[in-house]
Amino acid sequence: MSQRYYTLAEGCPFASSSTAVLMRNNRGGGLGLLQDIQLIETLAHFSRERIPERVVHAKAVGAYGELADCSDITSASFLNEAGKKTPVLLRVSTVGPEAGSADTARDVHGWAMKLYTDEGNLDWVFNNTPVFFIRDPIKFPSMNRSHKRHPQTHLPDVNMLNYILLYPELTKHYSFHVGNPEGIHELLHLFSSRGTPQSIRHLNAYSGHTYKFTKEDGSFKYVKIHIKTQQEVKNFTREQATKMAGENPDFLIQDMFEAIERKEYPVWNVYVQIMDPSEAEAYRWNIFDMTKVWSHKEFPLRQIGKLTMNRNPSNYFTDIEQAAFSPSTMVPGFAASADPVLQARLFAYPDAARYRLGVNYQQLPTNAAKVPVYCPFERDGNMRFDDNYGADPNYVNSCLQPTRFYPDVKNIKPSSVSLHTEHEQWTGEVTAFTSHITDDDFVQPAELWKVLGRQPGEQDMLVGNLAASIKGVKSSTLRNSVYALFARVNKDLGARVQKATEEAIKQ
Ligand code: HEM
């Protein structure tokens, strides 16, 4: 490094960074010339510095670490040997606000983890709430429960401008939830103190979706993954979060960075809830509906690993901004379930990455697998920066140059590498599925309200947070519908939210 000297982008050493090539006379000033390559190159690069920010989850904390295995319940290589360590990249984000927003804005928090395993990369793209509901009446009108996304306060979406100007954000937010009550479970989480974590080190994360742990014989178990902080959960109150947003918009990023610099490495235990396919068929809840959780009594947590974050990114842009996570990035032993939201996500993320980073985004150092990659069908494209498979044919199984496959190399059965389980039989018909709301959709939210009641002050905090938000809704008709929505969860909750809101409006 000490040998480093200043050059242009293609290596030409330059004597000074402050020399301009000008047509000038002795009266000062001068006319710029096209031959001032340094100036032109620098100006041109400057105006291309930004890449599109993520359409959601734009602002985030990032760190490196490792996952240590402590079980053997799948054939996934990174989890089949106690003590085995897998390097990890973690990115924890807010969902709605754009990249310049305050970390402590109330929001669900995204938890994206890239495990660089010895059989390729595995991405866990989770949230800090065990249930989730995608909310966007404008963008995904036809995908019902699976696909509704929230009208985001900060989403810089010019197509929404007319709509945003006609209807204030809060009105949209609540009119959406009244019309789509299946999101109530997540709404309760969001307006509890969990919506404003005090530190990324002090939050839990959940797969939300059901996934599958598969075995070499093609059999599988359904799993939900829970990542629980050893540092204990700590949240801000509404007032603290608002104050911090003004004082230090990068508070959560700084908190994680400084803790790692101090060598106070945060640690999480990684657990799974496991369900046999036969139990899934008989279970009260649809395990492919992400607005529902599984009972911990019936499906207790089993620890599978320990996650430690112990290294800061050396460059935020290359390590974190250029990182691309996708639930479709999987390894043998881990597979997607038939949750329709997950199915949609398997497509959406690589598609987003190809747009945001370019078609060869998997080659960027932060995304590249730590194992050899050989997919000669995928050649060329913008910004290819490896050897592009040299003189190999752009297909596999050439008789002139035979291709080797993993089962032959490892002497294992092909089923042990498949991301698709052989034992899953599907019969069905193509249908336009529309979900309907039933009283069942309110059972688990009612349980959550009770659980909050067991922690001193949590119910009050939820009611206060909701009142502070709903009081901004000008239409009393809409407010009454919102109270009715919460009363459907629990009469007392509805009444308390109504009382607190109407009192706050009078003040
Ligand atoms: C159909 C539903 C969903 C769609 C279409 C969707 C789409 C997206 C898109 C386009 C991105 C930006 C990706 C990028 O530009 O790199 C993103 C990011 C993210 N999503 Fe989703 N999402 C959905 C549901 C979910 C759910 C259910 C979860 C959590 C369980 C989730 C967690 C995340 C996280 C953590 C990120 C940030 C990834 C990162 O750090 O780069 N999303 N999502």
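A Cβ is built for glycine as well, from the same backbone N, Cα and C atoms used for every other residue.
Quick look at what TrEMBL annotates:
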- HIS57: active site (ACT_SITE)
- ASN127: active site (ACT_SITE)
- TYR349: heme binding site (BINDING)
- 7-403: domain 'Catalase core' (DOMAIN)
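Known features from TrEMBL, placed on the structure.
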residue	record	Cβ contacts under 8 Å, 6 or more apart
HIS57	active site	SER93, THR94, VAL95, GLY110, ALA112
ASN127	active site	VAL108, HIS109, GLY110, TRP111, ALA205, TYR206, GLY208
TYR349	heme binding site	VAL125, ALA324, PHE325, SER326, PRO327, SER328
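In the three-state DSSP reading, ASN127 (active site) counts as strand. DSSP gives TYR349 (heme binding site) a helix state.
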